[in-house]
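Database features, via Swiss-Prot:
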- CYS264: active site, glycyl thioester intermediate (ACT_SITE)
- MET1: N-acetylmethionine (MOD_RES)
- 140-170: region 'Interaction with ATG12' (REGION)
- 143-163: region 'Disordered' (REGION)
- 4-19: motif 'Membrane-curvature-sensing motif' (MOTIF)
- 104-110: motif 'LIR motif' (MOTIF)
Amino acid sequence: MQNVINTVKGKALEVAEYLTPVLKESKFKETGVITPEEFVAAGDHLVHHCPTWQWATGEELKVKAYLPTGKQFLVTKNVPCYKRCKQMEYSDELEAIIEEDDGDGGWVDTYHNTGITGITEAVKEITLENKDNIRLQDCSALCEEEEDEDEGEAADMEEYEESGLLETDEATLDTRKIVEACKAKTDAGGEDAILQTRTYDLYITYDKYYQTPRLWLFGYDEQRQPLTVEHMYEDISQDHVKKTVTIENHPHLPPPPMCSVHPCRHAEVMKKIIETVAEGGGELGVHMYLLIFLKFVQAVIPTIEYDYTRHFTM
């Protein structure tokens with residue numbers, strides 16, 4: 001029944017998006033939404049600091065006129081996912097509801113205190129000092145190499161707790177190594193010894209109706225065979241399956257449909273973060289949008305280890 005409702009909603013939103021005019025004037029600070037131009041600026045900032053993310057065009061017939069042809073959406077491929085969500089130790093103490101007084105019951109952050117998605121707490125430490133000069137401290141090993149070339153100053157910010165993410169010098173994961181590792185584990189015997197590593201392709205598009213970024217993902221098994229929808233749901237927080245996360249067609253690519261994190265709450269969450277930064281005497285630049293966006297959607301896909309800023313300063 002929920003799938004039917006999501007399908008009907010999806011079709012209605014497609015029509016609404018088509019009829020919605022393109023946002024021309026910036027309303028980022030007031031409402032948390034962004035223009036297509038601001039989306040491109042934030043995307044350029046993400047690509048600069050995390051080169052595993054790249055701009056893409058998609059199908060020619062699906063190019064959106066309000067975005068540059070070569071910058072229709074962002075993509076990162078072969079992102080590792082080492083375990084299923086049910087394998088993560090759950091505790092009520094780790095759960096938090098963001099904006100719980102809204103009609104939908106709020107955004108559930110299942111791993112709120114683990115350091116994976118502590119963005120709303122961390123931004124309280126941001127100050128006015130060097131607020132316009134931002135750089136990453138630990139996006140990944142590759143991002144660190146990029147930072148060696150950056151000479152801009154940046155004020156320190158309290159580091160997030162490490163979440164046990166596997167560091168790698170590779171921009172993308174070599175799935176052949178995963179297969180070899182799986183075979184070795186299988187030979188060792190025992191179901192628990194098997195490395196159940198999957199990989200995901202992630203995409204960020206601009207949603208004209210909600211005027212925010214939108215995250216899409218599609219997964220593969222160890223043999224690089226596409227995962228079924230039910231298998232992909234295993235890597236998504238169960239608080240968000242079929243609610244925040246639905247199955248829809250990518251706006252720039254051909255089928256099959258992908259999992260998508262619905263953007264209806266993105267502007268609200270971003271507005272809350274902007275206000276929190278302002279309360280601390282800081283100012284959040286729109287070019288930081290996607291770095292922070294990737295931070296808070298990690299609550300939805302906590303085991304997919306994509307390239308984003310775990311440590312950043314302002």
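All residue numbers here begin at 1 and follow the chain in the order shown.
Note: Cβ is positioned from N, Cα and C throughout, glycine not excepted.
If you take the C-beta of CYS264 (active site, glycyl thioester intermediate) and look for same-chain residues 6 or more apart in sequence within under 8 angstroms, you find TYR210.
Mean pLDDT, taken over the motif 'Membrane-curvature-sensing motif' (4-19), works out to 53 on the 0 to 100 scale. Look at CYS264 (active site, glycyl thioester intermediate): DSSP puts it in a helix.
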